[in-house]
Every structure is written in structure tokens, then in C-alpha cells.
């Protein structure tokens with residue numbers, strides 16, 4: 001039964017919201033444009049604000065839904081984390097799109113909102129602060145992912161810390177940074193575009 005839930009978690013994550021937005025709105029394959037990601041940032045740059053907001057909310061919802069399902073089925077912390085990871089993997093490597101999906105930010109946010117809404121909101125707060133100051137989505141995404149494990153650790157006191165939650169926060173951080181490796185190179189070179197720039 002639990003393995004079946006992991007499978008459904010992957011399916012939730014692999015729902016190609018960004019790809020469908022491109023096809024429906026403009027008849028394009030968003031993977032062939034810009035960063036090649038199916039995430040909200042690439043959708044914003046090549047389709048528009050309304051489509052990007054829709055994709056962002058759908059991607060967050062995928063993460064939240066998978067964790068809520070795991071909690072509804074009374075799965076323990078380890079299995080909740082496993083379901084979250086399967087959802088994140090589905091988002092990054094969707095079988096329907098030849099394993100080419102998003103960069104794990106919005107769906108990752110949804111997963112952590114589901115696991116611990118306080119941690120999710122605090123991490124979102126870091127993202128909002130960085131995006132407000134610098135207007136560079138990748139910088140905000142990487143900064144929030146780096147802050148995530150610390151936020152997870154600080155949000156629990158002593159024996160209340162869930163080791164699986166802490167481990168998944170570290171894994172999510174690694175995945176987000178790895179998916180943004182090209183952005184990080186451009187950031188170092190001072191060539192990463194800000195919001196509103198092509």
C-alpha cells in the first residue's frame with residue numbers, strides 16, 4: 001500500500017502544468033525556450049504573468065496534496081518524507097516529458113507547507129525578501145533552499161525534531177541547488193537576468 005502511495009506521489013509531481021500552460025496559451029513547448037524548465041519563472045518570461053501564477057499555484061498544490069494524502073492515510077514521518085521526495089522527483093523528471101521538468105522550487109514549497117506549514121511559510125519569507133531586494137528568481141530560490149535546513153532545525157525544539165524532516169530538507173536543498181547550477185554560474189558572472197529582463 002505504501003509503495004502505491006509513492007507511485008501516486010510521483011504521478012502528482014509529474015503533472016506537467018508548465019508544459020500544458022505553454023501548449024494551451026500559445027501552442028508552444030516551453031521546454032524549447034529560455035532555461036528549458038517547465039517551471040513558473042520560464043513560463044513568466046515566455047507566456048505571461050497570469051499563466052505563471054497559475055503554474056506556480058498548481059505546482060505548489062502538487063506538493064501539498066501529496067503530503068496531505070500521506071497524513072490522511074496516517075503514514076509516519078519517514079513515509080511522508082518518502083512521498084514528498086517521490087513527488088519532487090516526479091516534478092523534476094516527469095515521465096510524460098522525457099524526464100525534463102521543473103526546478104523543484106514551487107513543488108518543494110508545497111511539500112514543506114504540507115510537512116510543516118511554519119517551515120514552509122518561513123522559507124517562503126526568505127524567498128520573498130530576496131526577490132524583493134534583488135529581483136532575481138534564481139538567487140531567491142537558492143537562498144531559500146539554503147535556509148531551509150536551518151529553518152527546519154530551528155522550528156523544532158530538542159527531542160521534537162523530526163530526523164526524516166531534517167533529512168528531506170537537506171535533500172531538497174541539494175536538488176534545488178543542483179537544478180540551478182547553470183543559474184549559479186550566471187550569477188557568479190553577473191549575467192543572470194532580473195525579473196522583467198529577457
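Every residue, even glycine, has its Cβ placed from backbone N, Cα and C.
Remember, predicted model here, so these are calculated numbers, not experimental data.
Here's what Swiss-Prot has on this protein:
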{"type": "TRANSMEM", "residues": "1-21", "note": "transmembrane segment"}
{"type": "TRANSMEM", "residues": "55-75", "note": "transmembrane segment"}
{"type": "TRANSMEM", "residues": "79-99", "note": "transmembrane segment"}
{"type": "TRANSMEM", "residues": "111-131", "note": "transmembrane segment"}
{"type": "TRANSMEM", "residues": "136-156", "note": "transmembrane segment"}
{"type": "TRANSMEM", "residues": "158-178", "note": "transmembrane segment"}
Three or more CB pairs closer than 8 Å, sequence separation of 6 or more: does that hold for the transmembrane segment (1-21) against the transmembrane segment (111-131)?
no
Contact set, same chain, for the transmembrane segment (79-99): CB under 8 Å, 6 or more residues outside the stretch:
2, 5-7, 9-16, 19, 31, 38, 59, 62-63, 66-67, 69-71, 107-108, 111, 114-115, 164-165, 167-168, 171-172, 175, 179
State the residues, same chain only, that lie 6 or more residues beyond the ends of the transmembrane segment (158-178) and have a CB under 8 A from a CB inside it; answer 'none' if no residue qualifies.
77-78, 80-81, 84-85, 88, 92, 103-105, 108, 111-112, 115-116, 119, 141-142, 145-146, 148-149, 151-152, 184
